């Protein structure tokens, strides 16, 4: 059976979830649902990264112990994912005892292979990013995304990359890691590999909130090493859990492992993580999806200090669950930084959901109710203009899958928007209200059947995003189980008997 293991990065539990967390997690949820629609068995992992100096410092400033602090923040994440209808299979926490034991096991394995050695770390450290810097601006003392750097000099255990430099360089130069968009691979090569890949310090001495080194409890394992291994600790890799071979370490050609990440953490996931896996003899993920930054309407990166952050709560209050999921997925592209504002999302909501998809479904429902008493049986379409619309529905399905399989979600959606536009245009041309007066019920039924077909195609394909509205539409038109299924979508004969619900509830109310 085809399988797909989808992961988000585990989010740093130093505060509440923000719009970037919401986008990545919605994207993972939509991919999971889409894969399941297409016959895959899918497993979706998300969670929280809970160790490190930043957590410890923030907890202390609030008069809390670190565990209490992260417990509070984890609850915010779990509640938000519930509100957004995120259907994950496992929520991992790096404070889980099983995770900690398995991270120590991985560390010990690498040490036993002679890949970890004692030396001294000297350079700059960003507490906010939990990241070391060999090179940095000595004037500003800011990291690459603007956080304050601290000079550090301390003994540390390092992992040797000398036998992996050429390997990872070739993997990235030829994009054998399958990084999307491909421009991210070029960024990694230019920014991190061309100048030489330094060995990585894997431990800190003065951080107590973390996982101790298994053979030296005076040192704590680097938070990024700890965090990256969540993708296989949740599968019980160190315990011979069958889940590890099922979802990760197998040779099935139809098996996919997709890591969703944001641009600023691509280096850790696409350089260090593949090296660790390679050194341990484990398989690599099959796909890395690295989306750009989320910026405000003026192109500025969102940050609390600039006061331009949009919270998921604001989006939910304005657009509801389906509206929030749709606006984020429609607007966000993987190949660029994405401008976001409440005004931009409002325009998308009104144009796409209220005026296009919602209006088409409501209009189709209303015409069948008014002109045909709410009943419509399957009919062979003969009229050339209506047949052209039916053909366009079939083409939209193919184009949608092509786009989504290439993670170009907006392209697939735009094809469906074009479909309902053409349906609206045909309604205005054929004037069903005139067909009734002329008692031309043959053409009327063909037109309305094609409109139902367009409704079916749009809302079956959009069901991974519009989880509530799609079901509402299916119920309004009394679609059979087969008519609601992607498996049978290519066959319009699944629409054998349309019997409308008594009344239609508002779908997407236009926002002023």
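The backbone N, Cα and C atoms fix where each Cβ goes, and this holds for glycine too.
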Exercise for the section: When you get a sec, could you say which of 286-290, 291-295, 296-300, 301-305 is annotated motif ''KMSKS' region' by Swiss-Prot? Expected result: 301-305
Problem - Which range of 11-21, 22-32 is motif ''HIGH' region', per Swiss-Prot - result: 11-21
Completion exercise
Grouping DSSP H, G, I as helix and E, B as strand, the residues of the motif ''HIGH' region' (11-21) number 3 helix, 2 strand, 6 coil
Practice task
Work out the three-state DSSP category of residue 147 (Zn(2+) binding site).
Solution key: coil
Problem - Integer mean pLDDT for the motif ''HIGH' region' (11-21) - result: 95
